[in-house]
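Let me begin by presenting the structure, written as structure tokens, before commenting on it.
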Amino acid sequence: MASPCTSSICITTLLLVVVSWATSASARNFYQDFDVTWGDGRAQILNNGDLLTLSLDKASGSGFQSKNEYLFGKIDMQLKLVPGNSAGTVTAYYLSSNGSTWDEIDFEFLGNLSGDPYILHTNVFSQGKGNREQQFYLWFDPTADFHTYSILWNPQRIIFSVDGTPIREFKNAESMGVPFPKSQPMRIFSSLWNADDWATRGGLVKTDWTQAPFTASYRNFNADNACVWSSGSSSCASSSSSSSSDGNAWLSEELDSTSQEKLKWVQSNYMIYNYCTDAKRFPQGLPPECTMS
Ligand SMILES: *[C@@H]1O[C@H](CO)[C@@H](O)[C@H](O)[C@H]1NC(C)=O
Ligand SMILES: *[C@@H]1O[C@H](CO)[C@@H](O)[C@H](O)[C@H]1NC(C)=O
């Protein structure tokens with residue numbers, strides 16, 4: 001058996017193959033990317049890092065956060081929400097920086113009685129100011145299976161998507177004097193907690209603790225296209241070198257006409273609250289970004 005290489009070169013080659021496989025998209029795991037931050041054992045990483053579960057009982061909820069900080073990114077996570085009677089519970093999944101003028105991009109899932117719809121609540125904070133809520137019902141049961149919730153955050157826009165369908169676009173309106181999140185790195189956070197003072201029908205329906213523990217599950221995190229912040233600088237290494245000619249196309253991505261149609265479909269059929277149409281709330285006039293189409 002003639003070997004084409006000395007054993008040390010063969011081993012090196014093999015190691016390179018293993019290393020490049022391990023750093024490719026398919027090999028992400030929750031141990032590498034996240035830290036459980038609170039909940040005293042109620043948050044668990046399972047299946048060799050493929051699955052993370054949060055739970056909530058009367059004594060405490062639980063939560064985790066990303067090890068990395070990101071300054072822009074296209075970030076996907078699959079979630080399966082608390083099934084059955086989830087009234088009073090909130091599953092929050094968001095990006096946030098810190099300090100008193102923080103930026104934040106939020107998905108919050110407000111539970112409900114069995115068979116009644118969750119509300120998907122979204123918000124964007126820039127420099128500590130939010131008040132930009134939009135809320136939606138979903139077109140499927142988010143507790144029956146995993147679905148993908150994505151945030152595209154680039155310097156021009158923030159797009160919230162569900163299973164690839166855009167539900168909300170928040171455009172950069174700095175030209176109108178509206179601050180846009182673009183200089184503070186954010187971490188990914190998630191938590192499951194009790195908010196029965198406001199979450200379900202405005203706080204009318206309380207958490208039924210006989211159903212505890214409540215559990216939400218996470219899998220298939222993907223931040224291959226994101227700029228990771230480290231000691232004062234950001235690197236946007238793209239892992240998709242093989243598949244696309246411009247791995248950083250997401251940094252200027254916008255909605256194409258098909259996606260705009262989908263966004264309209266969601267907004268006309270599933271949107272239940274939009275701060276931009278809540279004139280009563282803004283007697284001095286709607287926020288300036290609301291006039292952008
Ligand atoms: C927030 O502050 C801490 C220390 O004060 C820092 O380590 C962390 O990276 C900051 N940023 C985020 C997004 O958490
Ligand atoms: C819960 O169900 C009720 C009745 O269908 C609905 O009005 C409400 O928006 C639902 N969601 C929440 C979080 O209250």
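Yeah, the Cβs are placed from backbone N, Cα and C, and that goes for glycine too.
According to TrEMBL, the feature signal peptide maps to 1-27. Feature annotation from TrEMBL assigns domain 'GH16' to 24-218. The annotation active site, nucleophile is assigned in TrEMBL to Glu104. Sequence annotations record features per position, and here TrEMBL assigns active site, proton donor to Glu108. Taken from TrEMBL, the feature N-linked glycosylation site applies to Asn112.
Sequence features, as recorded in TrEMBL, placed on the structure.
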| residue | record | Cβ within 10 Å |
| --- | --- | --- |
| Glu104 | active site, nucleophile | 19 |
| Glu108 | active site, proton donor | 19 |
| Asn112 | N-linked glycosylation site | 21 |
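Asn112 (N-linked glycosylation site) falls within neither a helix nor a strand when secondary structure is assigned with DSSP, and so counts as coil. Here the Cα atom of the residue listed as 'N-linked glycosylation site' is found 25 Å from that of the residue listed as 'active site, nucleophile'. The 6 Å Cβ screen around ligand 2 retains Asn112 from the recorded positions Glu104, Glu108, Asn112, ordered by sequence position.
Mean pLDDT for the domain 'GH16' (24-218) in this predicted model: 97.
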